[in-house]
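Working notes, beginning with the structure itself.
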Amino acid sequence: MRKLTKKAIAQLFPQLKQDANKYTRGTCELVVGDRNFPGAGVLATMAATRMGSGYVKAYTSDEAAAALRIVQPSAVIASFKQYGVECHAQDDLHPSATVVGCGLAGTEGNMTLVKSVIAAAAVPLVLDGGALTAIATESGFAALADHRLNGFSAILTPHGGEAARLIAALPVDAEVADDLHDPARQALRIARAYDAVCVLKGPQTYIASPDDAGAKDVAVYADGTPALAKAGTGDVLAGCIGALLAQGLSPRDAAELGVVIHGEAGVLAAEKLGAFCVTTEDVLRFIPKAVKEIVK
Ligand SMILES: NC(=O)C1=CN([C@@H]2O[C@H](COP(=O)(O)OP(=O)(O)OC[C@H]3O[C@@H](n4cnc5c(N)ncnc54)[C@H](O)[C@@H]3O)[C@@H](O)[C@H]2O)[C@@H](O)CC1
Ligand SMILES: Nc1ncnc2c1ncn2[C@@H]1O[C@H](COP(=O)(O)OP(=O)(O)O)[C@@H](O)[C@H]1O
């Protein structure tokens, strides 16, 4: 397995060009934060804004929109149903990506929403939270397969519970069944079956691509901190990865860089505040320090 370190991933960091404008810096759109989980939408949107995207647009509930207008007024706000109508297309000069699922727990309405977003998105996707529940259904799986057939990539960001659900939805494969206690092999199984980069989160985070030859090609990040074991840190990670994807990084590079910056933000927050007291909001606040530390 390849161990991810700050030093090894520093070179992946997107350059901020002198002649940049907000669109060349990448548009990150997010479909996140239903009325029950507005906080997840706010956290993911704030993280995407912090991680360098020039233009951040949140398609979200009224509840999350009200909070975002106060804590992140630079984010453009739209309602869920506007996604298919207004979503951004991408070209080489104007990269773009969409994050979907943070704070969209598995209601029928949310599942329909996620599938319609996957069908409409002509951009790379980050699928988190409820979007992972949606692709574990037959119609959600088919929507993702069509997205991939249309030439667009996807990153899946399951925690252990979501990974178990993604694997349970697959046909049993006797050859790999024995291996699935090993998280690196779980990540690889998910990546290959869903044809997407898999970021399997936990105390150690495993990153696998569909074309990895075996577990030896899976990357592992093991330098994080249990301070990150707090509700909402996964939403922050999804926003970070989405912003990097929206700046034109490959899915694998965006995933690896996002995981290391997020982990380092947790470590720096724990050093400053003590691991016990670190909040998810602190992790967001320490992202700039983590970036400075990595690109110095
Ligand atoms: N402030 C907010 O609004 C927050 C909203 N959230 C949203 O809440 C929704 C539900 O997400 P949840 O993850 O709570 O619930 P889920 O029901 O999707 O997953 C939790 C289940 O998975 C199991 N599990 C196994 N391994 C796990 C692991 N390594 N980490 C976590 N759980 C593991 C748990 O025991 C539990 O049964 C998502 O849409 C998410 O985005 C959460 O991100 C928390 C913060
Ligand atoms: N003990 C731990 N050590 C290091 N990192 C952890 C630990 N526990 C959780 N994390 C990290 O915190 C994040 C939690 O994400 P997730 O489980 O999706 O939370 P949520 O759904 O509440 O946002 C992941 O990035 C995970 O790798």
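Placement of Cβ uses the backbone N, Cα and C atoms for every residue, glycine included.
What TrEMBL records for Ala40, Gly103, His159, Asp235 is (6S)-NADPHX binding site. The annotation AMP binding site is assigned in TrEMBL to Lys201, Gly202, Pro203, Gln204, Thr205, Gly234. Residues or ranges marked as domain 'YjeF C-terminal' by TrEMBL: 5-294.
Listed in chain order, the extra residues whose Cβ falls within 8 Å of the Cβ center of the AMP site residues Lys201, Gly202, Pro203, Gln204, Thr205, Gly234 are His159, Gly160, Leu200, Tyr206, Tyr221, Gly224, Leu228. Taken residue by residue with DSSP, Lys201 (AMP binding site) is part of neither helix nor strand, so it is coil. Spatially, by CA atoms, the binding-site residues Ala40, Gly103, His159, Asp235 include one closest to Pro203 (AMP binding site), and that is His159. Of all Cα pairs drawn from Ala40, Gly103, His159, Asp235, which the record names as binding (6S)-NADPHX, the longest spans 15 Å.
Each residue contributes its Cα atom, and for Thr205 (AMP binding site) and His159 ((6S)-NADPHX binding site) these two points are 9 Å apart. Classification of Ala40 ((6S)-NADPHX binding site) by DSSP places it within a helix. For the binding-site residues shown (Gln204, Thr205), fewest C-beta neighbours within 10 angstroms: Gln204.
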